[in-house]
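**Q** Pulled these features from TrEMBL for this protein:
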TRANSMEM  B:9-34  transmembrane segment
TRANSMEM  B:54-76  transmembrane segment
TRANSMEM  B:88-105  transmembrane segment
TRANSMEM  B:111-132  transmembrane segment
TRANSMEM  B:141-160  transmembrane segment
TRANSMEM  B:195-215  transmembrane segment
TRANSMEM  B:245-265  transmembrane segment
TRANSMEM  B:326-342  transmembrane segment
Amino acid sequence: MGIASAALALSATACGKSSTDAGSSSASDSKNITAAIAYDIGGRGDQSFNDAAYAGLKKAEDELGVKGTEAEPSEGEGDADKVQRLTALARAGNNPVIGVGFAYAPAIAKVAKAYPKTTFGLIDDTSVTAPNIANLVFNEEQGSYLAGVAAAKTSKTGTVGFIGGVEVPLIKKFEAGFAQGVKDTNPKAKVLVQYLTQPPNFDGFSKPDLGKAAAQGQLDKGADVIYAAAGLAGSGSIEAAAAADKWAIGVDSDQYNQAGLASYKDHILTSVTKDVSDSVFNLIKSVKDGKPQSGEIRYGLAQDGVGLSESNPAYKKMTDVIAAVNEAKKNIVDGKITVKTAP
Amino acid sequence: MMKFDKDRLILGAAGPVLALVSSFVLTVLVLLATGLDPIEPIRIMIENAGYSDIQVLIVNQTGIYYLAALAVAVGFRMNLFNIGVDGQYRLAAMVSALVGASVELPGPLHILLIVLVAMLTGAFWSGIAGILKTTRGVSEVVSTIMLNAIATSLVAWLILPKNFGVQPEGSNNLTTGEIAESGWFPGIDMGQGNGVVYGFTFVALALGVVYWFVLNRTRFGFDLRATGASESAAQASGVDAKRMILTSMLLSGALAGLSGMPTLLGESHTYSLDFPVGVGFTAITIALLGRNHPVGILFAALLFAFLDKASSSLDTFGYPKEITKIMQGIIVIAVVVSYELVRRYGLRRQQQKVGEELAAGGALKTDKEVSA
């Protein structure tokens, strides 16, 4: 395995350079599928997001015998660097090549044209389309809506908090869904909203102390349920909520089961899950099966691509909350409720 | 006389060379300490630099760094530390992209307008620090750092869809809208998917010549250097120091504004959330390493661009590409230390020489001479 991946890495870069000499198709002769992930600078520090993509690749390695390659972005890079990276990955025979995050959209639009036989995955963006591009997108607002329902039902003070990592449209989807869920459940409830940083400062996804301070402020204003969509910074707000004996709602993965948060897990009511790893796995599988996904692949509540976790026993006991959440879920899936994507 | 110049040249080169060698040695030690092969990643990087697509990236990045470092250097020559180059660069790129996307003019005019707006915006932002310094005595170090933070918030606000930003359908990005093709600066396509060398890179190089000429061959440049060397002495000889401070701050900001142009006019044609950042900070190191000299800066910019771009595939080989960040970080420290060492050595040498000459001239009878 080690040798294989080393050989792959070697061929990957050998070809990346071979722009000078044309004969570079040597690497793509294999019958084996090799998948590549290029991580995102916009998601840099948003550990859960990039890690989830990696988890999908890992699963494909284990279950499908696919060989995986990863490529990291450099700090402060531009589109040209992304084009170069994706080109190197595609030229090395990787298929699919997956760009994690919307920042890859312009680069994928260019490279997909040059490599029409390679399938490109683009997470969180549908603005560029081509027959060989699969746009993997999520209805984060739907999962967040359910979190809003749960928060409004659980809150005793009628005040709940939302903490966004960085003020970008993607995170605003979380806010919009959450606020709508709260208001639909309890019109009198108050939603406190705070963003930690503004782009291009992405500290709000990576610095737990920022999340902690923001949560502290919301707790002081009477919030007793706090939903943080802030990557690693969210762990700070979970810590603050736990210290105040209030509820926290996690994001992206089921944070109740996260080892690093074990000491606060009793206060993690639930988590809004976003199944990036499955989307990556499914795309790789579709290419391996010879039926590559193409166009918009949407992961919403209906497909269980987003959802609300139920691992906390205390949450499971709240039957009325769960009933309300399930009803809301059904209404969304049936199209009776349309969740806004912008606040 | 010739000999003195040669000494100066050697001393001038000694600083950067010492800094580079020590940073290289320290990086190797770091790699050894983490149990990695210290030579292999460097070999890979050199090999990467041999390929044309990487070379295009390096050349383009050099142009960007060069402009930003010139911006820093103008300040340094005047004894001003403009840490705000990054903020000026971002704000200027954003505002000029906005203006560029909202109008359509015949080619050269369109580009000229965007470039002018970028220069004016950059100069406006650094000018605030300049005015604060000349009227209130606020240190430009403090004010430019703060202006960086304000620029971040200002750009974030301006780019909101309810203000001037655009969120393309189906995208999670925010942009300023695409600049029409008449506002694209033509580049040189290297073919075969090797990328395009930004045309603005040549503008950057030309500005290096202008920088050299203005600083060394004009009255203004002399005043600027004189004020930088000693404000009171310059004032005594009739230079308006305050005006010089403001002018050089404005110049520095205008150059900072230009440093966003290669990317904007040659590649992205829009300012979006993922527009490259941090250029202005790297530029400080580059200006230091290049000793504020246009040729020195060019080599320093080239080196940093090489470190950035040749390392991008290192992690596919199992080496962390962050080693180049370590190397760049150590260069910053090593540059400061080695310049000081070289300066002291030069000073001592000079004193010794003067002493020798005095001894030789003053005591004609003594034959004995102390050899250095």
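Sequential numbering from 1, following the chain as shown.
Note that Cβ sites are derived from N, Cα and C of the backbone, with glycine treated the same way.
Tell me about the setting of these features in this model.
**A** Within the chain, the transmembrane segment (B:9-34) has long-range Cβ neighbours (under 8 A, six or more residues past its boundaries) at 41, 289-291, 296, 300, 303, 323, 326-327, 330-331, 334-335, 337-339, 341-342, 345-346.
Only residues 6 or more beyond the boundaries of the transmembrane segment (B:54-76), in the same chain, are considered here, and those with a CB under 8 A from a CB of the stretch are 48, 82, 85, 88-89, 122, 140, 190, 194-198, 200-202, 204-205, 207-208, 211, 228, 248-249, 251-256, 258-259, 261-263, 266-267, 276, 279-280, 282-284, 286-288, 290, 292, 294, 297-298, 300-302, 304-306, 308-310, 312.
Distant neighbours of the transmembrane segment (B:111-132): 71, 82, 84, 87-89, 91-93, 95-97, 99-100, 103, 105, 138, 140, 143-144, 147, 151, 179, 182-185, 245-246, 248-258, 260-261, 264-265; these residues of the same chain sit at least 6 beyond its ends, with a Cβ under 8 Å from one of its Cβ atoms.
Tertiary neighbourhood of the transmembrane segment (B:326-342): same-chain residues 11, 14-16, 18-20, 22-24, 26-27, 30, 282, 285, 288-289, 291, 304, 307, selected by CB-CB distance under 8 Å and a gap of 6+ residues from either end.
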**Q** At a threshold of under 8 Å on Cβ distances, which of B:88-105, B:141-160, B:195-215 pairs most often with the transmembrane segment (B:245-265)?
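**A** Ranking B:88-105, B:141-160, B:195-215 by Cβ pairs under 8 Å to the transmembrane segment (B:245-265) puts B:88-105 first.
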